[in-house]
Amino acid sequence: MFYPDPFDVIIIGGGHAGTEAAMAAARMGQQTLLLTHNIDTLGQMSCNPAIGGIGKGHLVKEVDALGGLMAKAIDQAGIQFRILNASKGPAVRATRAQADRVLYRQAVRTALENQPNLMIFQQAVEDLIVENDRVVGAVTQMGLKFRAKAVVLTVGTFLDGKIHIGLDNYSGGRAGDPPSIPLSRRLRELPLRVGRLKTGTPPRIDARTIDFSVLAQQHGDNPMPVFSFMGNASQHPQQVPCYITHTNEKTHDVIRSNLDRSPMYAGVIEGVGPRYCPSIEDKVMRFADRNQHQIFLEPEGLTSNEIYPNGISTSLPFDVQMQIVRSMQGMENAKIVRPGYAIEYDFFDPRDLKPTLESKFIQGLFFAGQINGTTGYEEAAAQGLLAGLNAARLSADKEGWAPARSQAYLGVLVDDLCTLGTKEPYRMFTSRAEYRLMLREDNADLRLTEIGRELGLVDDERWARFNEKLENIERERQRLKSTWVTPSAEAAAEVNAHLTAPLSREASGEDLLRRPEMTYEKLTTLTPFAPALTDEQAAEQVEIQVKYEGYIARQQDEIEKQLRNENTLLPATLDYRQVSGLSNEVIAKLNDHKPASIGQASRISGVTPAAISILLVWLKKQGMLRRSA
């Protein structure tokens, strides 16, 4: 039977991509249906209990700038917040938070259940209704049919999912959940390229069986960072530390002696695993010279005894997992409460998608998340938001939208996927972006919130806060530009006390702030330049904009030059191991593909813009810079 009411947009799957897609479409006023096999697992963290990190935190901030859910949810659920790369420049600083799984799931579900225009329905989807190469609905397990103008697939690892523990395997979407086999078969009937990928997760440990007294603690930052531009630290729950242990030679011996029982090394798994989140058996074999690997013991929540040992993802048999865990300091008597496992699943070649994440072959069908070959909650959320907003626009007969690489990490992500595709689970890094000095966490709202407002994603409260911030930045910059101090002025002595070299000429507040030893906080304690802004986000923006103004302008010039390097020739006989500064991944891919030009090299999956810059510098130094006519 058909459900009596039609919808504008149907979302299939309630993970990180699906929840953002559903929220985006509903925020834009479209009647949206979220279909999930289990309402209780909406927003479930299937693997690590954390949000953010290098590159990933940037995506979370961008999702938030467009009115998304993830940043708000983690602000309510984060039990340890840190800024990574805090001592480095603002382009690569990244926020990361440990999460209480239960609180995170509750925050997501509460937001979904209180979102106007959104209906949630619990039933697994087994089929799509496709008419004349256009999707017009979905069919659930019990044969109930829903009609819609657009459908978004956000099915994670569920498509023909197979779980491996040692040489044993069984069908599953993730531990404790069934796979989606009928839907997988149906999608394989469509004109889409399909492959298999693999990911894994570590065993979970009972905290009561760990001796934390012998382990180093890792605390969060104080003051506590905040993820959402609308958030504040008072929303955070109780904060707790993580702990650090290490693998050792005993651990590595256990792994080496049991590789014949690993499904990866025995050839049982055909899917390709994530390069940047390898299993512990992969790490031991790939880095044979390392006698230890750092393992972070991360709490899964304030009311749970489960510990997530970040760094020992494995699909080895359970008895071997026990030996691995108990070989490490502090874990000699540890008990496993959930075994680690690998899961392989279907993904669809993202080169078959438009930049809007709509299929090139089936009109109205959108793909987001791990089905596109990515790995990570943040990558999934960003794609979900983009697919959801474009499904909403399509259902309203409007043109699709996708950010450019120069606008957002989301633009980089989508361009990489749709242009280059991927043969391994793709994760975001800052090194993937050419424009990273302009694509910072701190300015995600300045880049995207106005666009989000035009698209219908940003509500009145966020829009008012954003405009107030803009006004504060502009007013403060004008104040600092127009406030001066001279070497002979009474205030000069106070200013000179904070400078490495005393004033030799008249200087404005902005001139002083450009000095490396001067910070905005320090400057605004000085009599001529007080008081400081009470808006901390605006104050941070003023400092970064002033200090990095010249660098940003220079980067824009570099971008224009980069375009001219498209036709720079690469010698056919070049062994890229000669080029210092390239990563092992880039060297392997360049030696394998042997691109004829910089342009070709730049389009090889995994060859980053930073690697292209290194190549250009090397060619120039060698006197080998040649361009085709």
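Quick reminder: no glycine exception, Cβ is built from N, Cα and C everywhere.
What Swiss-Prot records for G13, G14, G15, H16, A17, G18, V125, S180, Q370 is FAD binding site, and it gives similarity to another entry as the kind of evidence. Cβ-based neighbour count (10 Å, all protein chains) for G13 (FAD binding site) stands at 32.
The feature NAD(+) binding site is assigned by Swiss-Prot to 273-287, with sequence analysis given as support. Sequence-distant contacts of K283 (NAD(+) binding site), defined as residues of its own chain at least six apart whose C-beta falls under 8 angstroms from its C-beta, comprise R290, H293, G311.
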Among G13, G15, V125, which are recorded as binding-site residues, the nearest neighbour of S279 (NAD(+) binding site) by Cα: G15
Task: Looking only at C-alpha atoms, tell me how far M285 (NAD(+) binding site) is from G13 (FAD binding site), rounded to the nearest Å.
output: 36
- request: Sort out the sequence-distant neighbours of V125 (FAD binding site) for me: same chain, 6+ apart, CB within less than 8 Å of its CB, listed by position.
  value: I12, L35, A138, V139, T140, Q141, S180, L183
Binding-site residues (G15, G273), the one with most neighbouring Cβ atoms at 10 Å: G15
Statement: Closest by Cα to G273 (NAD(+) binding site), out of the binding-site residues G13, G15, A17, Q370, is Q370
Query: What is the maximum Cα to Cα distance, in Å and rounded to a whole number, among the residues G13, G14, G15, H16, A17, G18, V125, S180, Q370 annotated as binding FAD?
result: 18
